[in-house]
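What follows is a single structure, written as structure tokens, with notes after it.
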């Protein structure tokens, strides 16, 4: 086992990465190794998908499957070894079908890629784990060195984050052939074990640029189906009655669940990254979308244990449900998996609803505590002139984007302390689950404009980017000249690709934490600092002073 893709990876003087019987996330060495084998299988599939396009063959099943299966290897998504192997077998079957189509048109059709003809050696998981050793991401570390390995992993993990957003967009009916062709090109190239530093750096920026397009179609998918988010108050306390909790990012799953629970007497609560759903008109029209429950994903083993109903996980993040003894009432959907728990392959939530009706639910309603969400792209752009007016009248000094992933590390208290230390004449724009560090606090307003503005899920960084570009255009300056600072927390691969997206767009002087990615070497950090001004958090006082004086 070697996995260094998330923020909580093991860090020692000898090196970084989880490499024992189990990773810090709870992933076993077996599952981790089989994920390496799956990734190699998907790289081979992409190599042939790219070749097939030369013959005018575009297989939509391949295009939809490839990023979805890659998404299953993202942190805290799928811990189920047999399902990982199933994805690998499906990748190989799709690859062979594509290969046959190409060779029917051209008998000499071939792909020069070391994983283009990969086959699984056995049905036995132990045999497959041994085969996976040939595809361990650090297998040639001694030959290429830590810097090249770090850049490879930056590209691989960044592309994995983009694949997750591609799947979210595809579920909502969004497809762009140019994006998928670019995805296959990059994925196939990474399967050749590239070792050129400049090429890898260029690739990382290409992934960031591609992801901007992915976020654009995801935004289109969400707003076309569910309307543009508008500011909405959400109760974060319990309401008496039967209940279901839904977590993750998949708004379509939430919509289907709301439709199927309507009139049943079962209330639906959002959790984690599902919180922004309350801002969408077509979702909040369901009156039994009753509120939001819990805090950051890392607290779920305590909070889920206390929730008196079933829980549906639509995407990341799931962690061991046996710890809180709620494994009999947690349900996984789509690419999510945990051994031994119920899995919903389709969109029928009937068994979940039945379970909810059989459980006690909340015995009484708590005193409501309302927070405001729903500052989507359209709302943010509508406020652009107000922001400019406040700045011109010196009522608004600075905007801080404080957001990103949450996690368990104690140093993450930095982000709570930073938000509460922001001066009263400054605004906080937030997104993703990092907001749970401070989103239940009262920050007041500036002439009626809330000082805490919740822009949505992690992918809604797109809205923040569009706002920044709009403000810069209206003020006749560059984005980096705005009174705007980005203070980002990271945990997994979606955050990595958001960072690459921002860097590829030329955004500079981003502050990130609580630690640097484990695959970043000092040399890579120095390059990113020199080129983009990217740096790690220090202390709240020092960072605040530096950002306000920039």
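Placement of Cβ uses the backbone N, Cα and C atoms for every residue, glycine included.
Residue 3 ([2Fe-2S] cluster binding site) falls within a strand when secondary structure is assigned with DSSP. Listed in sequence order, 9, 17, 18, 19, 23, 27, 32 are the same-chain residues six or more apart from residue 3 ([2Fe-2S] cluster binding site) with CB atoms under 8 A from its CB. For 3, 6, 18, 25, the entry in Swiss-Prot reads [2Fe-2S] cluster binding site, with the evidence type sequence analysis.
Taking a C-beta cut-off of under 8 Å and a sequence gap of six or more, residue 317 (hybrid [4Fe-2O-2S] cluster binding site) has these contacts in its own chain: 75, 76, 77, 247, 272, 297, 298, 300, 492. In the three-state DSSP assignment, the secondary structure recorded for residue 317 (hybrid [4Fe-2O-2S] cluster binding site) is coil. For 249, 273, 317, 405, 433, 458, 492, 494, the entry in Swiss-Prot reads hybrid [4Fe-2O-2S] cluster binding site, with the evidence type sequence analysis.
DSSP assigns residue 405 (hybrid [4Fe-2O-2S] cluster binding site) to coil, not to a helix or a strand. Swiss-Prot lists 405 with the feature cysteine persulfide, giving sequence analysis as the kind of evidence.
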Assigned conformation of residue 494 (hybrid [4Fe-2O-2S] cluster binding site) - DSSP reduced to three states: helix
Nearest-integer angstrom distance between the alpha carbons (Cα) of residue 249 (hybrid [4Fe-2O-2S] cluster binding site) and residue 6 ([2Fe-2S] cluster binding site): 19
Rounded distance in angstrom between the Cα atoms of residue 25 ([2Fe-2S] cluster binding site) and residue 458 (hybrid [4Fe-2O-2S] cluster binding site): 20
CB contacts for residue 18 ([2Fe-2S] cluster binding site) [other CB atoms within 10 A, all chains]: 22
DSSP three-state assignment (helix, strand or coil) for residue 25 ([2Fe-2S] cluster binding site): coil
Distance, residue 6 ([2Fe-2S] cluster binding site) to residue 458 (hybrid [4Fe-2O-2S] cluster binding site) (CA atoms, angstrom): 16
